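Heads up, the thing below is written out as structure tokens.
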Amino acid sequence: MSNESLANLMTETRRFAPPAEVAAAANVTAADYEAAAEDRLGYWAEQARRLTWEREPTETLDWSNPPFAKWFADGRLNVAYNCVDRHVEAGHGDRVAIHFEGEPGDSRAITYAELQREVSQAAHALTELGVATGDRVAIYMPMIPEAVIAMLACARIGAPHSVVFGAFSADALATRIEDADARVVITSDGGYRRGAPSALKPAVDEALTRPGAARVRNVLVVRRTGQDIPWTEGRDLWWHETVGRQPEEHTPEAFDAEHPLFILYTSGTTGKPKGILHTTGGYLTQVAYTHHAVFDLKPETDVYWCTADIGWVTGHSYIVYGPLANGATEVLYEGTPNTPHQGRWWEIVEKYGVTLLYTAPTAIRTCMKWGDEIPAGFNLSSLRVLGSVGEPINPEAWVWYREHIGGGRTPVVDTWWQTETGAMMISPLPGVTLAKPGSAQTPLPGISATVVDDDGNEVANGSGGYLTLTEPWPSMLRTIWGDDQRFLDTYWSRFEGRYFAGDGAKKDADGDIWLLGRVDDVMLVSGHNISTTEVESALVSHPRIAEAAVVGATDPQTTQAICAFVILRGGAPQEEGLVEELRAHVAKELGPIAKPKRVLAVDELPKTRSGKIMRRLLRDIAEDRELGDVTTLTDPAVMDLIQSKLPSAPSDD
Ligand code: WT7
């Protein structure tokens, strides 16, 4: 794509009309926006009927004690029954629920009937281990079917789970076990990662030596790799022995709609992790509804794949609860996208005929970097809707995704939401909204969001500010586990009566919403607010740039100076004059004020496991400080690699 067409893309609003056949058959239509605008609670009450309730709710929302919401409070249901048993009862027992693809190439198809038996057995096993309704269970697992089964088994007996990402350290695991006071941990010997078995169990053993985690009674261990692991007799139990001998039938008990379903700790790029609490009826209603609406899911024919890890909310809502509540067939992949080769994902799409794909912009940009010829080597014609989540998707990556993965046919849905919101909130709808590369666009039917200024007044079209949610929604977090005050302070105190998401956003001339990243990531340069996202987006619109991360470094003249870290495309060496060219390019795209003071070419960027750039570490580098905590990085060695590339003298002007 030429520079000029890129520039057009960045500055103009380019629209992509949904293909006629998608529009004609879409699950949700323009009428849904109208219905929800007219009667928001009525619309949600109707969506709640997508679930099977043991006792149908007569109440929709109790907002008498804001911000502590109760949704469908007098309803009772069982989440696992909704995600598994009812599909078997409806005659879909032979439908594949999960196509598991192990990294070494082993695979296993699990039907809904099999899933029902295994979840039932696991539920019996937990009960046998003394786990009662309301007790917390920690899950520390690789991406294998037992991770999903363990979550559903907890839900089945009303024991809230706390899933801890399988690559977090023993310390991170210990703090989370302690905060939730979990008494049972479910783990595995290890999993396959980058072509080799990597161990998990030793981290559990280490975590359990910390005083706060000493109350754990049992560790249930799935055998995945068969590697040698340390074993504590009496405490540790093999999954295949303990679960394997249980009865295959289990009667699910219904719980109140507000019964806690899970705690999930936010990734914590700053401060102590917060235990986000989600409950049962409202959460399941919104994840099921949004998965149905935004992916336009047709469970009879679609094959859905979400590439996230179950350790993140995306995995909870859009691998486990949403798709399974809808009776979908989905792919679960254990490994990395480039093991054993850079086409592994596309090979999986081809193998299973994946129709709906949900991934993150960082993964899309990585694939762009590997080269267009890689996806071109596979048949991706089954794909029908592509989703994006996790950070703003730059228009360049959006267009690449649609053209090189979606063959130019597929809608791309850029879904904005958070661990705290539990489910998608702002997104285009395939077949309904016209698409704008880079914009999350419109709140979904039933969701109220707006962009406000410092005083909480709604900004005019064409202006930027803070993203707020103005009405409660079914899958909203109910509190921070054990810390109601922090819940109030963090989300409800900045703007009276509204939820403040922490993100900056702007409204374009049509009133569509563009996300600008966390407001903590806004730079102040000579009195101007400049978002890191916008400068990054401008940089990656240059043909030589694959990825960019921008931070504001303290500067005596300008308050902050823009410092850009860039990865060059194709890894080619940096040509003479490139830095100047990039600075000029940003100035042309965004104006001279946004011109980076420094541009440093690096090989990697520091990212959390969920793919978020850890700007605070880049700021440490830009400001010549000692590095802060690097333990949540995917690969802490990246920081050495970046530092070894320095210094490149700051240029003046
Ligand atoms: C933050 C939430 C939602 C699951 C994964 C992340 C950013 C998320 C988008 C998007 C722009 C996005 C926001 C948000 N974010 N999706 N489509 N466009 N930004 O969950 O770890 O709780 O992070 O991710 O900054 O606040 P999370």
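Note: Cβ is positioned from N, Cα and C throughout, glycine not excepted.
Copied from TrEMBL, the annotated features are:
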- 31-83: domain 'Acetyl-coenzyme A synthetase N-terminal' (DOMAIN)
- 90-472: domain 'AMP-dependent synthetase/ligase' (DOMAIN)
- Arg193, Arg194, Gly195, Ala196, Thr314, Asn338, Ser526: CoA binding site (BINDING)
- Gly390, Glu391, Pro392, Asp414, Thr415, Trp416, Trp417, Gln418, Thr419, Asp503, Arg518: ATP binding site (BINDING)
- 534-612: domain 'AMP-binding enzyme C-terminal' (DOMAIN)
- Val540, His542, Ile545: Mg(2+) binding site (BINDING)
- Lys612: N6-acetyllysine (MOD_RES)
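Take the Cα of Lys612 (N6-acetyllysine) and measure to each of the binding-site residues Gly195, Asn338, Thr415: the nearest one is Thr415.
Between the recorded positions Arg193, Arg194, Lys612, the minimum number of other C-beta atoms within 10 Å of a residue's C-beta occurs at Arg194. With a cut-off of under 6 Å between the Cβ and any atom of ligand 1, the recorded positions Thr314, Val540, His542, Lys612 reduce to Thr314. Across the domain 'AMP-binding enzyme C-terminal' (534-612), the DSSP tally of helix, strand and coil residues reads 26 helix, 27 strand, 26 coil. Under the three-state DSSP scheme, Trp417 (ATP binding site) falls in the coil class. Here Val540 (Mg(2+) binding site) is compared against the binding-site residues Arg194, Gly195, Thr415, Ser526, and the shortest C-alpha distance is to Thr415. Shown are the binding-site residues Asn338, Thr415, Ser526; of these, the residue with the fewest other Cβ atoms within 10 Å is Ser526. Put plainly, the binding-site residues Thr314, Thr419 were compared by Cβ crowding within 10 Å, and the winner is Thr314. Ranked by how many other Cβ atoms sit within 10 Å of their Cβ, the binding-site residues Gly195, Gly390, Pro392 place Gly195 at the bottom. Counting every protein chain shown, 12 other Cβ atoms lie within 10 Å of the Cβ of Ala196 (CoA binding site). Assigned with DSSP, the residues of the domain 'Acetyl-coenzyme A synthetase N-terminal' (31-83) fall into helix, strand and coil as follows: 22 helix, 7 strand, 24 coil. Set side by side, the binding-site residues Arg518, His542 differ in how many other CB atoms lie within 10 angstroms of their CB, and the most is found at His542. Straight-line distance linking the Cα atoms of Thr415 (ATP binding site) and Asn338 (CoA binding site), rounded to a whole number, equals 25 Å.
Taking CA atoms as the reference points, Asn338 (CoA binding site) and His542 (Mg(2+) binding site) are 25 Å apart.
Checked against Ile545 (Mg(2+) binding site), the binding-site residues Arg193, Arg194, Gly195, Ala196, Thr419 differ in C-alpha distance, with Arg194 being the nearest.
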